[in-house]
Amino acid sequence: MDQFIEQIITGLSIGSILLLVAMGLSIIYGSMGIINLAHGEFVMLGAYAAWMFHTYLGLGLLASLVPIFLVVAAFGWVIERYVLSLLNNRPLDTILATWGVGIMLQQAVRLMVGSELRYVQLPPALSDSMDVFGQSVSSYRVFLFVVAMALFAATWLLMNRTTVGMKLRAIIQDRSVAASFGINAKRVYALTFAYGAGLAGLAGALVSPLKSVSPDMGTGYVVDAFMVVVLGGVQSLAGTVASAFVLGELSGAIAFLQNDTVAKAIVLLAIVVLIRFRPEGLFTARVRA
Amino acid sequence: MSLNVSTSSGLQRLTVQLAPLLIVCALVFALPVLLNNDFLLNKVARYLVLGILTVSLGLSWGFGGILNLGQAMSFGLGSYAMAMALKLKTVPVHTGADGLPDFMVWNNVTSLPWFWEPFRSLTFAVAAGMVVPALVAAALGWFMFRGRVTGVYVSIITLATMVVLNLVIIDQQSYTGGFNGITDLAQLEIFGVAFDAYGRATYYLVSGCVMLSLLVAFAFTRSRAGLIVQAIRDHESRVRYFGYDVALYQIFVFALSAAIAGLAGMLYTVVMEFASPTFLGVQLSLSVVVWCAVGGRQSLVGAFLGAVLVAGVQGALSESAAFLETWTLVMGALFVLVVLFLPKGFAGLAQAVWRWIVQRRHVAGQEVTPGVSQTEGST
């Protein structure tokens, strides 16, 4: 029983990291139809920003979260404005363009800060462990779970309870009709992309104390995040949450029974089959086509 | 694309389209005369092989509209087929009883696994190097295109499938050599000719295959099936309404592309003298996409030259780490610019310039026939 609870908690922990990384991707893909292969690099930028704020300004991780969000969001805004907005109606080409941008970001960081591994300190207040259902769990992992859920709530409110969110939903339904009602689609898209990038940056900063920071750390995340988005279904934020935790539990469980490699292979295969038979994702209700 | 305007103009157009292809092949064959350095020739042969791989991607992506992000999977399968056959021919120094490969001995495997058995025959291996990738692609194509999976989802499925195979190969160390791949191979020997990786014979073998695959790909794009495939790329449902079995044509071009990639993989093993899981890695697979896009995805010669030149420059710069890193940055920028402003790559640019020159000449000579504009050649 203890082992079972431990497994569940491990799964939740993996799931909350997946959710953090996938949320920005889900918003960008779901609302703009852009497959953002530079997403992993936004995660990486966030992690490096955390390291830099700490090393050069002496800021702790928690204090630098807001500036990190803003910095990475600014990167996202520039990229949307000067690269992606030129690629309207060419969804396949956005894969290529964002991948090129990703390479540039990765190389630029490598040239400027070097490719050696960097480490970010755990916030001292969260470095102990606490008791959850009779299990001792690191406080930081509990914190990550809480932050992931809080960010999800904030994003949901932003999409469904604010004017910008309403404009975005109008554009998703019909861009030209929305535009004829005076909505500035370009501006909303740029803001959306910036927000998604900012979330990725936050994710990078938040996972940086758990893993080492390197220029190519984003590559692994982007693949996992994609699987979450595909499984959860495009345009469904709640689906992203559900699939992040399902995938988290699943990879935790298979890794426990077999090994990491097998876990990864099985999850990937399951997703391939899923795309074929349910391309709209597991957690979306079929609305009108 | 109308072939029946008149025989002479059709023939003329065929010549114009074939000319760049034949010129490039001639240059490839002539290179050893100019470059008397076996080490460099081996490097060039390597880039030529990557060129074949890129042509195969151009076939499915540029002509079929299928962005296969897992093209390196077929390449890797071909590479391993050749490596398995050559491994079984090694002089048994480190090998176990009955020529059991060394890494199997280290992993306590006592007898040759059943799927290694047929690779004792080189003929089988060479056939398998192309047939296996083609069959795998056909099965995957059947799985995807019968379900009308399109666009981005095709890219995700192909990429994910390749990653799975890569993970399996790395995981099954005792049967595949795992992370180290299959090394320490014998030389390929066909009809008494030994193909030393640094020998002229290997270079000419690669050149011959370059020419062969370019011609096969060219013939396909000019064939009826090839034209239908291009029509599917441009407007899938319209072709479907005409009553064509869209999925069948897509599966065919997908499998053909995989077979050519498999051929490239086999040659790569001969040139590099080993096979490794990186040959079916994400890195290589995405690089192929870059080469293809920069060269020109809708031009076979363009895709080929894109790979050879970009990979060549990268190889030349790799002597110095600082150069290489700057180059990667430049490459990323170049790639983004090409995607934004030159969707048909440098080949598209060259074609546009060529058309402009031809038109200028016509205007100057006052022999313009109105309404007859040159349709773009897709060599």
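From the backbone N, Cα and C atoms, a Cβ is placed for every residue, glycine too.
TrEMBL labels come from automatic prediction, so no person has curated them.
Annotated features in TrEMBL:
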- B:14-35: transmembrane segment (TRANSMEM)
- B:47-67: transmembrane segment (TRANSMEM)
- B:122-145: transmembrane segment (TRANSMEM)
- B:152-170: transmembrane segment (TRANSMEM)
- B:201-220: transmembrane segment (TRANSMEM)
- B:241-268: transmembrane segment (TRANSMEM)
- B:274-293: transmembrane segment (TRANSMEM)
- B:300-317: transmembrane segment (TRANSMEM)
- B:329-354: transmembrane segment (TRANSMEM)
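Non-local neighbours of the transmembrane segment (B:14-35) in the same chain are 41, 44, 48, 200, 203-204, 207, 210-211, 214-215, 218, 222, 300-301, 304-305, 377-379; each lies 6+ residues outside the stretch with a CB under 8 Å from one of its CB atoms. The transmembrane segment (B:300-317) makes contact with the transmembrane segment (B:201-220): 3 or more of their CB pairs lie within 8 A, with pairs spaced 6 or more apart in sequence. Per-stretch counts of Cβ pairs under 8 Å to the transmembrane segment (B:329-354) identify B:274-293 as the leading one among B:47-67, B:122-145, B:152-170, B:201-220, B:274-293.
Nonlocal intrachain contacts for the transmembrane segment (B:201-220), taken as residues 6+ away from its ends with a CB within less than 8 angstroms of a stretch CB, comprise 17-18, 21, 24-25, 28-29, 31-32, 41-42, 44-45, 48-49, 51-52, 55-56, 58-59, 193-195, 226, 253, 256, 260, 263-264, 267, 270-271, 300-301, 304, 379. Using a Cβ-Cβ cut-off under 8 Å and counting only residues 6 or more beyond its ends in the same chain, the transmembrane segment (B:47-67) has close neighbours at 28, 74-75, 151, 154-155, 206-207, 209-210, 213-214, 217, 220-221, 226, 229-230, 232-234, 236, 250, 253-254, 256-258, 260-261, 263-265, 267-268, 271, 288-289, 291-292, 295-300, 302-308, 311-312, 315, 378.
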